[in-house]
Structure formats: C-alpha cells, structure tokens
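Below is one structure, written out as structure tokens; the observations come after it.
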Amino acid sequence: MEGSINDARRTNYLVLLRTCYEIYGIYEPLLALFAVYSVAVVVYRLYLHPLARFPGPKLAAATGWYEFYHDVFRGGQYLYEIESMHRKYGPIIRINPHELVVNDPDFYNTVFVAANTRRTDKWSGLEGIGLRGSLAFTRDHDLHRIRRKRYEPFFSRLSVSRIEPIIVDEAKLLAKQLEASSKTGRVIELEHVMSAFTGDVITTLCSEKSPDMIRHPEFGKGWHTSLYNFPSCFRAGAFNSFLEYSTDHINTAKREMLSVDKLEQNNKSSVFRYVLSTDMPQAERDTERLAREAALLFGAGSVTTTRFFSVTIYYTLRNRQIRDRLSAELKDVMAGYPSTLPTWQELDRLPYLHAIVKEGLRYACPFVLSSSLAAWSSLSHKFSSRLSYGVMRHLSRISPDSALHYKQWTIPPGTPVGMSSYSLHTDPETFPEPFKFMPERWLGEYNPKMNRSWVPFTRGSRNCLGMNLAYAQIYWGLAVMFRPGGPRLELYETNESDIRPVLDFLGPLPKSGSRGLRVTVS
C-alpha cells in the first residue's frame, strides 16, 4: 500500500515537471527576448543615456527598483540614501534612470523660474496617485499656465482679504470650541481640531457650504484620517469615496450656475462658481477632471496648513518663553476681540508672530510625492497616518526647450531636476542648529542667505497657489489660540518623538505608534 502511494506521488512529480518544462518551452523565446531587452536597457542607461555621465550609484542609474526598494521595502528611507549619495558623489547626482537631484541653494532659482523666464514642465513620475489632469499634476507648461490663470484671481492677496471674514468666523468658532472643551477635561487630538478648522475654511471657499466639522464632537477626525492616510487613502475604495465627495460639490456648483442670471455668474462667491463662470473650453469642464481638481484643493488646502499648526503649536507650547512672548505681543492688537479685530496683514506685521510663522514654515512646509511612492500608493500599501514635518522629498521640474547649466555640468533639455526644501531648510551653514525651533533667528539683522534658502511654498511658475490663503489661516489660528484670555492649551503625554519625522512617505512621518499632538484645555 505504501509503495503504491509513493509511486503515485512520483508520477505526480513527473507530471508536474513535464508540465513546467512544456510551459518553459512555450515561453522560452519570450523569456529570452525579455532578458535581452533588459540587458539592452541597462547598457543604454549606464553608457548611452544622456545622463550616463552624471555621478551617482550605478544601480540607481540602471533601474528604478533601487529607489523603490529604499522607499517601500526599507520604509521611506530614500531621502536619507540621497543625502548619503550627496556626501559621496557631490551636489549633483542621478537618483534613478531619468532624474537628477541638486543640493545647492544657489541653483534653486535656476530650476524654479517664473513663467516669463522659460517654460517649465512637470515631471510625470507623480501621476500614480489618481489626480492626473488637476492643476498641480498638469505636465505641460502652457496648459498649466492656462489652468492656473483661472484660479489666481481668487487666491490673490486682495481676494483673500475680501474673504477674510469667513476665516475670522471659523477662527472664532475654533477658539470657542476649544474653550468649551476646558469644562470637560477631555484630551484633545489637536491635529483633528486644526484639520476641522482648515477643512471648513477651504470647503466653504470652494463651494460656499461649510461641513461644520469644527462643531462635531470629534472635530475633523474623519477628514483628517482620510487626507493624512496617504497612500492607503488612494486604495480604490477610499480614494473613490473622496472623489465622489468632490464630484458632488462640482455637480452642485454646475446646477447652481444654471439657475442664476449670467450677470451674477462671474462672481467670486466660491472657487467652483468663479472657475465655472470663466471662458473655459468644454473639455476643461469635464466633471471627472474638475472633481480631481476639487479633491486637490480640499486636500492641499487642509493638509499642509494643518501640519504647520501641529508643528508650530507643539514647539510653542513646549517652550513657555515662546508662548508668553507671543501672548504679550498679541495683547494690544487683540484687545478688542471678538468685536474689534485686526486684519491678517496687521498680524503679519507683528515681529515675533511673524518670526514664529517663518520658523514654523521652515519646519512644516507642504509635502511632495516621489515617483516610487506614487506607484506604490496605487498598490494599496498602508502606512501610518500622521505627517508632521516639512518637505522631505525633492520636487522636480523640467526645462523642455533649453539646457540648464550647473557648474561644469550641462543638463540636457527634458531632464527632471529635483531640489528639496527639506535639505535647504536644514542646512546648518544657513540655519545654525537647524533642528531647533528658534523664532529668534528671524528677528533683527540676520543672515540674508536664510531668505534665499527659505522656500516653503517653492518658487516660480508652479509655486503654491494658496499661499495667501494659508497665511491668513495661519495668522488667525495662532492669534485666537495664543491671545491673552484665549484657550489655555497644555501638552498631554506628547513629546518631540511624536512630532519629529523618521520616515518619508509622501510627506514625513514620525515614529511608528505616534499618537500625534494631544492637549488639554484649562
């Protein structure tokens, strides 16, 4: 009996081997062709590619899997690998088969230029997250310029001043809700609160309808989780839900446009209504494309400013001297609160508050997505949900028509060239003790190179569209929270390790298990 079983097993093994051999025989030519093709690609990239002569690891030049490995399998570590490359190879390096990165603040204004200086295209390596066709992910320079012009009037300094009452009302409600929490003694996830504040503002500006997250018992927890849980947010279900939310707002705006007089249409009562009222080609009015645009506005208008608040409030609460000095400076200008109030430009002129904002933005500028993480986000990999520092990953720009020149190097037209504001903001030669939060570095006479290297909103034709809106929210958020008589916040079981980044995923992440910025209100 046992011999029969062994014979049967042996027969099965032989059948399996024969099947594998037959399959191999069928696909052998294809496998051989693939092997030859792969070798040819590697040889081309290493020896014949226009970037072949640029310094950097040969493995990184040969394949994008090198970047993928450090970002995905090592857990967001390619930033640090790039820093190691710079130490070994110099300020200009090839980090993958197609892309260069330069670490030199004097070169920043060569890469990030105004639209009338030269054409600047977007690096297509960022298209994997599902927002293709939106403003920030528009590759072509001319199309980007056309799309951006539709939004610029709404986000100008003058327009933001016009809608400042909306921001002020939300800031007052923010302070009121925090003060109400003092009666309960509850521990508050301040990131959820600030997500509610920024989310209510951007949604109101875009659609004239506030979701009133700031009034919710859990504030903006769901909104915060959806936006901060990047790449898992881009799993099909989660991302589709967010797009459906954006699509609803676009469809509502379109219906409203049909029901109002044409003379009333070209007004700035909301971003969506204003953009839809412009002379936009029909292809640009496609609901799916506009929904992606809306998703980008909702996300970028909330995530980046919330991260600023998280970092800046943490360091302000941790250092009593900073908090007391800020409160003292706000005493006179906020004395008439809540009836008589300054403008955000007047708040901007307060020296110490201005210094805190600049230092906070040095720490907490917007995030950027790498090409390998863009690809991985579409594969549903899930990471931690908290972001708390500034740009760690480089942003890349393309000069499609003309070569760029860096020292002895000539960079061919069409080459993505990246630079990282994280590297600029943490350069010890420009910012001594760069990992210390020191607003005083921006007071009095300071090194002019600090302004040269301070690029939280980037520069050039693709700089941050919502910069003025961000400033208005930032100044009002800090003013209502740290004014004398305002809500008295105290850190609760939160230390720097809950804030400081150790992983680079889309934006930076703190340690695994971080509980974020938690406070109590007294």
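Just so you know, glycine gets a Cβ as well, placed from its N, Cα and C.
According to Swiss-Prot, the heme binding site annotation covers C464. Residues or ranges marked as N-linked glycosylation site in Swiss-Prot (evidence: sequence analysis): N267, N451, N495. Taken from Swiss-Prot, the feature transmembrane segment covers 23-43, and the record attributes it to sequence analysis.
In this structure the alpha carbons, written CA, of N495 (N-linked glycosylation site) and N451 (N-linked glycosylation site) are 29 Å apart. N451 (N-linked glycosylation site) sits 17 Å from C464 (heme binding site), counting Cα to Cα. All protein chains shown were included, and the count of other CB atoms within 10 Å of the CB of N451 (N-linked glycosylation site) stands at 12.
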